[in-house]
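Here Swiss-Prot flags 303-333 as compositional bias 'Acidic residues'. Sequence annotations record features per position, and here Swiss-Prot assigns domain 'PpiC' to 155-245 based on sequence analysis. Sequence annotations record features per position, and here Swiss-Prot assigns S-diacylglycerol cysteine to Cys20. The N-palmitoyl cysteine feature in Swiss-Prot is assigned to Cys20. Marked as region 'Disordered' by Swiss-Prot: 291-333. The signal peptide annotation in Swiss-Prot covers 1-19.
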Amino acid sequence: MKKRHLLIAGLACMTILGACNNDDAGSSGQAVVEVDGHEISDAEFVDMLKERYGEAILQELVQRHLISQAADSVEIPQEEIDEELETFKSQIGVETDDEMLDALSNQFGITVENKEEFVNEYILPPLVLEKLAVEGVEITDEEKQAYFDENRDSLIEVEASHILVEDEETAEEVLDRLEAGDDFAELASEYSVDPSAEANNGDLGFFGKGDMVPEFEEAAFNMEIDEVSEPVESTYGYHIILVTDRKDSYEELEEKIHDTLMRERSRTQEEVLRDLLAQADINVLDDQFEGLFDLPDAPPVEDTPEIDGEDASDEAEDQAEDADENAEEEDES
């Protein structure tokens, strides 16, 4: 989701901020580097950072403060926080908290004391924005039922596993072994050329229409539960498909419908931030950043010419007369 992009962007931005936030920067004139006898001071270094990246960093700091204030009115379940933390670890290729803290320091130049500090600074803000985005949005049972009735066919989901092989001969060999009673998951691990098969034994989980290549989708959505397909050819090779479950009732799809309607009706995170900025009292004290937080004025509403009842009648009569005259001219011609 977008919040994950926001998290990575925030880390990158705060990497720059770390250089600007040095306790001695800009005050002592201490040299950062010496080149052929010429010293480049930390003041020069920070001034250039401010010139080039100052607006982005200042916006980030203000936004983080506003989100922190707004967090007081938002309740986020611990399981959501834990899920986001695990997702972030996966994104940067680590498993433990210590590995994550090391990666933050080595990859992003971010030093935090512990996991809790990282969660408060980087995991919570996107979650707060997400909660604010759906604030006040309500979906009724009647609306969900109506959406289901109108979009039933496109909402259906199928759960399936597959064994992908390169040629039809191998596919027939796999089918023979399945008919002989061999286990589908074990055969997927043995035969499938799908890179994910080693980890998931061919299990694709639930998917909807449009998620798979057309040939695969056509076969899977027309199969019964526990049915095994004949070889299905696609651009990837030959698939042996096993359908294991299906969601096609309102009760099974209600959560998906609810999430879809929430996404359609909620504000974007950009809109949430814009609203927070509009409500805040921001006084820019540095001339370099004057106007940075000014919000664009709403476009003026164009006045619609008013026609009172009498004028409207006159105009209608004129149009009718013009139409009659045109008709008479056509008859004469």
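Glycine too: its Cβ is placed from the backbone N, Cα and C atoms.
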Secondary structure composition of the domain 'PpiC' (155-245) [DSSP: H/G/I, E/B, coil]: 32 helix, 28 strand, 31 coil
For the domain 'PpiC' (155-245), mean pLDDT (0 to 100): 97
